[in-house]
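Q: Here's a structure for you.
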Amino acid sequence: MGHHGQMHAQHGVTMPADSPIGQPDRSEQRYFPATAFRTRRSTLSDAQRQTWDRRWPELGLSVGPAEDPDRPGPPLDTDAWFGRKAPVVLEIGCGNGTSTLAMAKEEPGVDVIAVEVYRRGLAQLLCAIDRDNVTNIRLIRGNALDVLQRLIAPASLTGVRVFFPDPWPKARHHKRRFLQPGTVGLIADRLLPGGVLHVATDHAGYAEHIADVGAGEPRLRPANPDSPLPISVARPTTKYETKAQDAGSAVTEFIWLRR
């Protein structure tokens, strides 16, 4: 386990009470990232396309930009989607789903919603779900900020995972980093009391930024390493992480609890 964020006084974005699912105040948009993902072409293999066509209608959901972002509509009915009532974890930026699949298998009593903008990564995960007959994962293709704002109800998530988000290392691109005060505030709003925000990064500069942003959100507190948690925080080591460590990059992890 890596380092936890240290607490100091800052303030995150506030959520107006009159919004159906806590839409952030328009005046606070500077607290949110600009485009937080890169444009990428994604081509599926024939096998991936066949699995996609067969399983996506059941397990997947595509989310585009809202026509009227001030009226996000009703939140997602996760009990109906999964066919049961269970703790729900939202994983933001699941990539090809290596960690998603492994962690879902280890906790069959926890339902996982994996969000990713790139179709190829989702297709790889969907094929693995189909191959291994995993029943506790659902997929959303779209911008995670749209998902949090429009589909997730306040105080509905047991956990949120953000593993190795794009660090956007150039200073002029820092505004594109996903974990900004507004985003972390929105995540805190969506977590149940006692819920977990679990973040990992291998970029030292982004780690400092994340520590500051997390410390500035008053609804979050660093988890005590000895305290029991409602979900597992044991991640598998991915090929990407191994490559980063071989290159000399240290992985920093943050685990916060919703107050």
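Even glycines carry a Cβ here, placed using N, Cα and C.
Here's the feature list from Swiss-Prot:
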REGION    1-73  region 'Disordered'
BINDING   Glu91, Glu116, Asn143, Asp166  S-adenosyl-L-methionine binding site
ACT_SITE  Asp166  active site
BINDING   Lys170, Asp202, Thr238, Lys239, Tyr240, Glu241  substrate binding site
Q: Sort Glu116 (S-adenosyl-L-methionine binding site) into helix, strand or coil using the DSSP assignment.
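A: The three-state answer is strand.
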Q: Looking at S-adenosyl-L-methionine and its recorded binding residues Glu91, Glu116, Asn143, Asp166, figure out the farthest C-alpha pair and report it in angstrom, whole number.
A: 14
Q: Can you tell me how many other Cβ atoms are located within 10 Å of the Cβ belonging to Asn143 (S-adenosyl-L-methionine binding site)?
A: 20
Q: When a 10 Å sphere is centred on the Cβ of Tyr240 (substrate binding site), how many other Cβ atoms does it contain?
A: 15
Q: If you draw a 10 Å sphere on the Cβ of Lys239 (substrate binding site), how many other Cβ atoms land inside?
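A: Around the Cβ of Lys239 (substrate binding site), 9 other Cβ atoms lie within 10 Å.
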Q: For the substrate site as recorded (Lys170, Asp202, Thr238, Lys239, Tyr240, Glu241), determine the largest distance between any two Cα atoms, in Å, rounded to the nearest integer.
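A: Farthest Cα pair among residues binding substrate: 25 Å.
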